[in-house]
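*Asks:* Not my notes, these are from TrEMBL:
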DOMAIN    A:465-540  domain 'Transglutaminase-like'
TRANSMEM  A:9-29  transmembrane segment
TRANSMEM  A:35-53  transmembrane segment
TRANSMEM  A:65-85  transmembrane segment
TRANSMEM  A:110-131  transmembrane segment
TRANSMEM  A:138-156  transmembrane segment
TRANSMEM  A:162-178  transmembrane segment
TRANSMEM  A:190-209  transmembrane segment
TRANSMEM  A:602-619  transmembrane segment
Amino acid sequence: MNGSRLKVGVYYLFAFWLLAEWLIPLKTVSDTQNANVFIVFVGLCFLFMFLRIRASIVALINVSYIAYTLNALFFDVSFFSFRWLPLLVEDVINHVAIVRQARWFEVTNVFRSLLFFVLLWMMTYVVRYWLFVRKRLFVFYVATVAYVAILDTFTAFRGNGAIVRLVTLGFLLLHWLVDERIGGAKQWKRWLAASIGMISVCLVVGYVGPKLPPQWPDPVPFIKSYAKGSEQGTGKETVDGTVKKVGYGTNDSRLGGPFVADDTVVFTVEDEQRHYWRVETKSVYTGKGWETADNDVTDIFEQENHIYYWFEDGVEKETFTAIIRPTQPMYYLAYPLGLKAVHALEVNEFLLQMANEKIYPVDRQLNTLPLFEHEIVYEHPIFSVEQLNDAPAVQNDTLLAQYTQLPATLPSRVRQLAEKITNGKQTQYEKVKAVEQYFRLNGFDYETTDVAVPGDNDDYVDQFLFETKKGYCDNFSTSMVVLLRSVGIPARWVKGYTAGQLTGKTADGKNIYTITNKNAHSWVEVYFSGVGWVPFEPTQGFANPYRFTQPQLPQEQQVVQPSQSLRSRIPVNDLLRGEQTTSSSWKDKDHAIWNAFTWKKAIWLIFVGVGVVFLLYKIRRKWWPYVTLFMFRWKNGDDAFVRAYVALLKHLQDYGLKRKQGETLRQYAAYVDRYFGTTDMSKLTYMYEKAIYKQQANVEWEKMKELWENLIKKTVP
Amino acid sequence: MKYEPFHPLIATMIENIEKVIIGKREVTTLSIVALLAGGHVLLEDVPGVGKTMLVRALAKSVNAQFKRIQFTPDLLPSDITGVSVYNPKQMHFEYKPGPIMGNVILADEINRTSPKTQAALLEAMEEGGVTVDGITYPLPQPFFVMATQNPIEYEGTYPLPEAQLDRFLLKVNMGYPSMTEEIEILNRTEKTTPIDQIQPVVTIEQLRSLQQQVKKVYVDEHVKRYIVDLVQRSRSHPAIYLGVSPRGSVALMKAAQAHALVYGRDFVIPDDVQRVASFALPHRIILKPEAKFDGLSAEDVIARIITQTPVPIRR
């Protein structure tokens, strides 16, 4: 076996290794139990390639191997009885229809494994092509590293070993391939030694060196929660599968991190009144997020809600009817405060979970049902500030115990802050308003991307109130609840949707609102004796849609922020219907915008911009000729030709065909033509000479365009 | 210029001449350039490489009157221009034209004669006429002088002064033929004398018309600028003591025009200029002694200037 044969063998070994790195994690991350059979298969393929066995024999052996493995794994009958064969054939035939109709869930493991074998078989050929024909493996290598890194980050698979192996192997392989491409350096042994030395040094330094903790907020929990939201497709949790809340799902036990706005429409509504849409409430704050109270009590109502009364009798109410049209069937109810009745075609019973006030449409066996278009009757409350101010302190002990719960780990400075804010306020309502106002005036910013995740020793609320002061509704609402609870006011955290965007009017004058995923929201409800749960809105840029009447001083109603966020664009007219906008809030908004453009961000932007420009400049030879082609595609006339020719000269120079200072165009054209083996450049040049040395006006640019285009295309490396 | 075809008339001329002169297409072409531009050529080379043969072939091709003057130290100006001889019968002096009264003149070994005689020839070349006894006799048109000069022998020679050298439009070196070319020469001369078989292919009228066409060849502003750029660089070049004169610029442009016409073009391109510059400029400059000591020739310096001068490639 000579040297080159040995080299080829090592290549195949490395190729096998690279592909195996894709298969090894399968055991951990998927339900593939027998990844080894696939690894062996890949090994076999490469071995046959190395031994240069005839394709027909290889095919026979491989097919036998696949058949044997499939039989051993799935059919469990004697291989040589061949009774598995009709089963396999039948399975394959069945799958023709399944694949054609894209019923992917029905694909059996047998067929999946078969396809996987075929895929691997093809991959071995592709890898061989990259290695021996293209002699380029960088893209595949990067993909492998990315694959391992992603699996390491998001799954139980630990890629420590794999990364080390990949760095060693990959760089060696890349080095060798480069060496091959440039035709083999004479001193390849020295080069190899240098390369191995470098890789070893990197590995040792990387292994021994200290490792910094992550320097930026970990994006993983957010992406994970996003993935979870979309994963929940089966079982009882279907209930929230369709909510797919961006930035937070049903699981609010760990809040924080950035979120991405999502425009998917959840439902549209015909309604006369703006209000929030509740989905559920949560009452147990853990220091990191929210948990539902440990309470299994449920109740069922048929259409008319006779089991849950939202307000005491003294509250002024107006009754409205809304028609809700979900884009996807909903497995829970999004309902307004004061829900009286739900009318749906297919569903009669509704199950109310007391612990979180979540309502599911169910059948008689209590299985959740999909909810399509339905009608909701509700009593919209109008709160009297007078009445709220007069409300006596809450006496109900069970209610107080549940809704003033706080974790023992809550830092004391939160309580001190709560006391400071409410100091001097007489009534519960005044205290609540003081806390609500606190977020408007003390340098808090609405922010969706640069939002911190509390570390192990941090409290979510504490971090927001004292350190970051940047966040979205979850930060604001949770903090308000915790502050209120710190001074003994019963409060809870409500999740759902804002009123959405006004998108039209019906014939009979009702408003049509569209509620999308980005309208997902959380806010605060506070219990007032003699009134009930009253919603409050601490989040910057959001307006409380509920009315609070103040007969004496109607102008000085609560301060309302105009909508500045992406999440609820309330038309100004609509907004003014219930509340007033003050000028100070506009100032706050300007302030927020100003804050958003800090010098740090500006420098980053410039940095990124310069980077992009530099990159574009670096790869200009790949794209600039096409821009030129496009620019002159429809340009005609003498002038266009001259400019096109000059552009061609530039591209040729860029390509590396330099024209010397004293070289005439003909000499240069001859040089270019010699290089490309054409006569196009000379022909073009003869015409160009006429244009510039003779000032001849009508050159036959139309006829020459094709030559010109060919040459321009040749300058793309 | 490799791929560019000649002007059809000139192509036949070159073809005709090449029946006699083998492998000297460049010299042939340049001679025709000078002929068309109305200039004269100084051929500098050792004897026996075909200078005379070239001139004779050229003269025969254009059906022109061919004269040859062999310059010797004792040649007098009147031996060139002609003399007035007293005609006793008619009782007055009668002008007997000298050998200069022809269309194509071969002035052989021009550096062998005295400066006085050289001056007579050069004056006639410049002015297009000779003056004998106060009467000016115009020279026939076209009038084309090909002077030869032997660079090897210095004994008993009178080198042409620089100021007079630039009366020649081009100075061309003939050079030896290559091996195969020389064998071909032997083959052709083995049994016949090829020069006798040459037939005229262009009439004098056609030649005159070609000369008129040269003047109409368009020279773009950029090309003129290029010509002047080349010439001016020769004036400031560190190796050059005396640069090209404005007469040199004119000569360069005219030669370039003729060169363009030879290749059938009615406009001048920088390639024409570059090509003729190597023959139109070197004899118009004087190198500094130190440059000569460095082994530089005037041709080298001009070639350098050409490579250093940017060619106009845009409007």
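Even glycines carry a Cβ here, placed using N, Cα and C.
Keep in mind that TrEMBL annotations are predicted by a computer and have not been checked by a curator.
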*Asks:* Go ahead and report the DSSP secondary structure tallies for the domain 'Transglutaminase-like' (A:465-540): helix first, then strand, then coil.
*Replies:* 21 helix, 34 strand, 21 coil
*Asks:* If you average per-residue pLDDT over the domain 'Transglutaminase-like' (A:465-540), what number do you get?
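*Replies:* So the average pLDDT across the domain 'Transglutaminase-like' (A:465-540) works out to 85.
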*Asks:* Sort out the residues at least 6 away from either end of the transmembrane segment (A:35-53), same chain, that have Cβ-Cβ distances under 8 Å to it, and list them.
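*Replies:* For the transmembrane segment (A:35-53), the far contacts come to 8-9, 12-13, 15-16, 19-20, 23-24, 26-27, 61-62, 65-66, 69, 73, 116-117, 120-121, 123-124, 128.
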*Asks:* Please figure out which one of A:110-131, A:162-178, A:190-209 racks up the most CB pairs under 8 Å against the transmembrane segment (A:138-156).
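*Replies:* Checked against A:110-131, A:162-178, A:190-209; highest Cβ contact count belongs to A:162-178.
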*Asks:* What residues in the same chain, six or more past the boundaries of the transmembrane segment (A:110-131), come closer than 8 Å to it by Cβ-Cβ distance?
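*Replies:* The answer is 11, 15, 18-19, 38, 41-42, 45-46, 49, 62, 66, 69-70, 73-75, 88, 91-92, 95, 137, 140, 177.
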*Asks:* Using Cβ atoms and a strict cutoff of less than 8 Å, what residues sit near the transmembrane segment (A:162-178) while being 6 or more residues removed from its termini?
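*Replies:* For the transmembrane segment (A:162-178), the sequence-distant neighbours (Cβ-Cβ under 8 Å, at least 6 residues beyond its ends) are 7, 11, 14, 17-18, 21, 24-25, 131, 135-138, 141, 144-145, 148-149, 152, 191-192, 195-196, 198-199, 202-203, 206-207.
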